[in-house]
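Everything on this sheet refers to the single structure shown next.
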Amino acid sequence: MYAASTTLSRALAVNAGRVLRHLRAAPGLALVAIALIWLGWPWSAFPAFILAVALSTGELLWVRATANPNRLLCLVLGLIGCRRVRSRWAEVCESAGLARGSGNALHLPQLMKVTATWPYVSARVRPLIGQTATDFVAASEAIRMAMNASRLRIEPAGPRELDLAFTVGDPLAAVSPADISQTSDLDALTIGVREDGAPWRIAVGPHTLVAGCSGAGKGSVFWSTAFALAPHVPTGTVRLHGIDLKGGMEVLVGEGLFTSVATNAKDAVALLEQLVQLMQQRTVRYAGRVRSHTPTADDPLEVVMIDELAALTAYANDRDLQRRADTAINLLCSQGRAPGFMVLACLQDPRKEVVPSRGLFTQTIGLRLKDRSETTMVLGDGATESGALCHQIPRALPGVAYVSSEELSHPMRVRAFYADDEAIRATAQQYSAPERLEVPTFREPADRRRLRTVEASE
Ligand SMILES: Nc1ncnc2c1ncn2[C@@H]1O[C@H](COP(=O)(O)OP(=O)(O)OP(=O)(O)O)[C@@H](O)[C@H]1O
Ligand SMILES: [Mg+2]
């Protein structure tokens, strides 16, 4: 006992900081435990110490769980989910064709461990010899439904095992209102919440494509991004340029935030070409001196926000306008990142013939889409296999999307903040742009002007 208490004293001395932090987080019961240690020291220190740690850990868990009542609920639902997976495993494997033999000679994929981290219940599984991840993917729908999960993601975990991640709850069912106060970091814009509870951030460097059917919530991604940039607008560090060919229905609600706005195809082309010119002038100025842009009032971050990209690149009647819009967008997307020009474009139809420049948007957001092929077009090959199910997002959840990024091992389900018209108007008034840039007059190329004159005179 003496040896144990000596070892314990040493361990305590080495980890004093950690132990103190732990005890400070759960002070009530920890004080009782400290008193016990004090009274019993050194002979009964060991059991008293165990009691102290157990009591304070229990208190800590309780405090954490009840600080947010949802947390307690999540804990309980997670435990229920774990129990369900364990108790139904044999039956599910049998009915999904993953078991072999029968009766006493029944062989099942081994369920190694089941853990819950809200909103997921994760099961580590060792398949039977001869089974592969593909067998589990083929049976995934049957397994998901039997386990009462809204989603199931299957990933390899080492050479012989698989991780089955069941989504057992939906933290994205609730609408999160857009809130300027949480969104002012220019390195990564916070524009919503992720399924795992973390903030949904998008990078500012890459150009962003937001694809979704009508009513999927493109507007909420558009405005959440504008809100995240808004605190930098009055200082002139960020300039927003809005293009909305639905007559300005979307963009004009928050007009004050924008340095320039184009609501018809000719203005849009003139504005895009002017921005290309500014970008090229800045690139020439930076050549050999600056390799990456830092936004300042003199050299602001120029963000082009386009509400319906296809209206510009595919649905405009005039082929020449389409071509010019496409060229300008291609130039901004391919050369804009380094000198501080960024494009965010929303669209309904992600087909290449509608958006030839699709490949230049390196950050894509897939809201509700029509079918699996559209999901692949937006999020890339293999996205649906790794769990991006844009085509299965219910209509009742606008603003919900899937995103993939280099930091994430699998596509993440997210929901954009929602800003109603009143919030947009208030934000536009509070963070209005210090100057307006007049959209230049649209100029036709000389040969077309000449052709029109000839036609008119005939
Ligand atoms: N993030 C969100 N949270 C909650 N509700 C949302 C969210 N986004 C959108 N909505 C609701 O869904 C409706 C449709 O959204 P929105 O107008 O953004 O769709 P859209 O994709 O832009 O459609 P369209 O292509 O027709 O313009 C909104 O009026 C709003 O009520
Ligand atoms: Mg819209």
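Every residue gets a Cβ built from N, Cα and C, even glycine.
These features come from TrEMBL:
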TRANSMEM  21-39  transmembrane segment
DOMAIN    186-376  domain 'FtsK'
BINDING   Gly212, Cys213, Ser214, Gly215, Ala216, Gly217, Lys218, Gly219  ATP binding site
Sparsest Cβ surroundings (other CB atoms within 10 Å) among the binding-site residues Gly212, Gly215, Gly217, Gly219: Gly215
Candidates Cys213, Ala216: member of the binding-site residues with the richest Cβ shell (10 Å): Ala216
For the ATP site built from Gly212, Cys213, Ser214, Gly215, Ala216, Gly217, Lys218, Gly219, further residues of that chain with CB within 8 A of the site's CB center: Gln348, Leu367, Arg368, Pro398
Binding-site residues whose CB lies under 6 angstroms from ligand 2, from Gly212, Ser214, Gly215, Ala216, Gly217: none
Residues among the binding-site residues Gly212, Cys213, Ser214, Gly215, Gly217, Lys218 that border ligand 1 - Cβ under 6 angstroms, in sequence order: Gly212, Ser214, Gly215, Gly217, Lys218
Neighbour tally for Ser214 (ATP binding site), based on other Cβ positions within 10 Å of its Cβ: 7
Close in space, distant in sequence - Lys218 (ATP binding site), Cβ under 8 Å, 6 or more apart: Val210, Ala211, Gly212, Asp307, Cys346, Leu347, Gln348, Leu367
Arithmetic mean of per-residue pLDDT over the domain 'FtsK' (186-376): 91
